[in-house]
């Protein structure tokens, strides 16, 4: 039994050691629990501090001065604004270089002007399209400016060309000149550099001028068609006196005021939108979106116009002039009868002039329809298939819309100078007189001898030259060189 005593002593020692460990374990776990609760409290405190910091960030923008901001805070914002997720980019899960990456998206440093993209140099794949657009724009610009200026100057400086008919043609040339001179450079600059000249002002002014030009052309074609019908059915003398300026200006005012009134909603519909790009900073584009700051009644009217714009555009600026011109021509042909049945009281010269005027109206209508048809087709495609088209396709359709208007402004004066014999002859005389100094004396001598009688007959028989009862001596056609 003696061996039991060492065993009992050893068991007692082991039991004492175990009890001591158990008694000391509760404070250990309690200490750990207290440490965890303190850590959670400290974490919650840090979270509240972060929330307070975020609240301060929202109301005190000076703390974010080192990060990029939107260029126009009051304007349209991108769907994913470039805002850092933490006031300290290197902490709390943020990458240390996130601020530098966000700043690299802009083309210039804060406080400096944005750099303009130049796709022409160095030469890349996009440079070829940029060169093609510039070349086409230069050709259209040169032809349109020279042609429209020629028509306006010829009508203005020639005494016998100041009639309502020629004044309407000159007003067409004036609006085409304004569209080419002001709108074409802005559109081409935006297409090449993705930056908008004059910002929101040009986004509103360019559509207004283009729609006004279409309205002037539409109402001018209707007025010319009415004039042709009136001449065909009138019993008054075919040669009428030269109209006064007040009468001509009154007729032009009706056309201009009506066209500009119908184009006023374009000023309220368009606005500038800026979108961030990974390599080029911000991209400027014009979108159809009425401003939310408009009055409620005006905003609803603009929204109604936006919803009905496509069909209004198609009906008023495409179908109306074509149908009106075709109807007037058919009625005029019906009143006059077939071309083979000529009246004895009508001279051959007068028949030629009437045929020439009818050809002018028909030619203007055909050119107008040919130039506005692509624009209307693109509008219909964008209205119904915009969700299925890519951004590049939509941009291409928008460029086609713009160039169709510019083509109309460049082709119309060329057609007038080719079809209208008085305008074309005056243009050739002016070019000859300006380019060749000896042409002036020779033309005067020849006109004094043999061409005087021919000019008188053309003046008296053409509607372009309304000869008054007591007219001064005949003046040379064209502008004084």
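Positions of Cβ are set from backbone N, Cα and C atoms, glycine also.
Keep in mind the model is a prediction, meaning the values are calculated, not measured.
As recorded in Swiss-Prot, the features of this protein are as follows:
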- 203-286: disulfide bond (DISULFID)
- 79: O-linked glycosylation site (CARBOHYD)
- 85: O-linked glycosylation site (CARBOHYD)
- 86: O-linked glycosylation site (CARBOHYD)
- 95: O-linked glycosylation site (CARBOHYD)
- 105: N-linked glycosylation site (CARBOHYD)
- 107: O-linked glycosylation site (CARBOHYD)
- 471: phosphoserine (MOD_RES)
- 479: phosphothreonine (MOD_RES)
- 26-58: region 'Disordered' (REGION)
- 70-108: region 'Disordered' (REGION)
- 1-25: signal peptide (SIGNAL)
- 26-134: topological domain 'Extracellular' (TOPO_DOM)
- 189-205: topological domain 'Extracellular' (TOPO_DOM)
- 273-310: topological domain 'Extracellular' (TOPO_DOM)
- 383-398: topological domain 'Extracellular' (TOPO_DOM)
- 135-155: transmembrane segment (TRANSMEM)
- 168-188: transmembrane segment (TRANSMEM)
- 206-226: transmembrane segment (TRANSMEM)
- 252-272: transmembrane segment (TRANSMEM)
- 311-331: transmembrane segment (TRANSMEM)
- 362-382: transmembrane segment (TRANSMEM)
- 399-419: transmembrane segment (TRANSMEM)
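Outside the transmembrane segment (168-188), and at least 6 residues removed from its termini, the chain residues within Cβ reach (under 8 Å) are 133-134, 137, 140-141, 144-145, 147-149, 151-152, 155-156, 196-198, 202, 205-206, 209-210, 212-213, 216-217, 220, 223-224, 251-252, 255-256, 402, 405-406, 408-410, 412-413, 416, 420, 423. Residues of the same chain lying 6 or more positions beyond the ends of the transmembrane segment (135-155) and with a Cβ under 8 Å from any Cβ of it are 161-162, 166-167, 169-170, 173-174, 176-177, 180-181, 184-185, 188, 403, 406-407, 409-410, 412-414, 416-417, 423, 426-427, 430, 477-479. Remote same-chain residues near the transmembrane segment (362-382) are listed as 214, 217, 221, 224, 310, 313-314, 317-318, 321-322, 325-326, 329, 389, 394, 397-398, 400-401, 404-405, 407-408, 411-412, 415-416, 419 (criterion: CB distance under 8 Å, separation of at least six residues from the stretch ends). Within 10 Å of the Cβ of residue 203 (disulfide bond) there are 24 other Cβ atoms, across all protein chains. Below 8 angstroms of C-beta separation, residues 165, 168-169, 171-172, 175-176, 178-179, 182-183, 186-187, 251, 254-256, 258-260, 262-264, 266-267, 269-270, 286, 316-317, 320-321, 324-325, 327-329, 360-361, 364-365, 368, 372, 405, 408-409, 412 of the same chain, each at least six residues beyond the ends of the transmembrane segment (206-226), sit close to that stretch.
Outside the transmembrane segment (252-272) by six or more residues, the chain places 75-76, 167-168, 171, 196, 199-200, 203-205, 207-208, 211-216, 218-220, 223, 284-291, 294, 298, 301-302, 305-306, 309, 316 with a CB less than 8 A from a CB of the stretch.
Same-chain residues at least 6 positions away in sequence with a Cβ under 8 Å from that of residue 286 (disulfide bond) are, in sequence order, 196, 203, 206, 207, 270, 271, 272, 273. In three-state terms derived from DSSP, residue 203 (disulfide bond) belongs to a helical segment. Here the transmembrane segment (311-331) has long-range neighbours at 211, 214-215, 217-218, 221-222, 224-226, 228-229, 262, 305, 358, 361-362, 365, 368-369, 372-373, 376, 379-380, meaning same-chain residues at least 6 beyond its ends whose C-beta is under 8 angstroms from one of its own. In terms of DSSP secondary structure, the topological domain 'Extracellular' (273-310) contains 15 helix, 13 strand, 10 coil.
Sequence-remote contacts of a segment are chain residues at least 6 beyond its ends whose Cβ falls under 8 Å from one of its Cβ atoms, and for the topological domain 'Extracellular' (383-398) they are 310.
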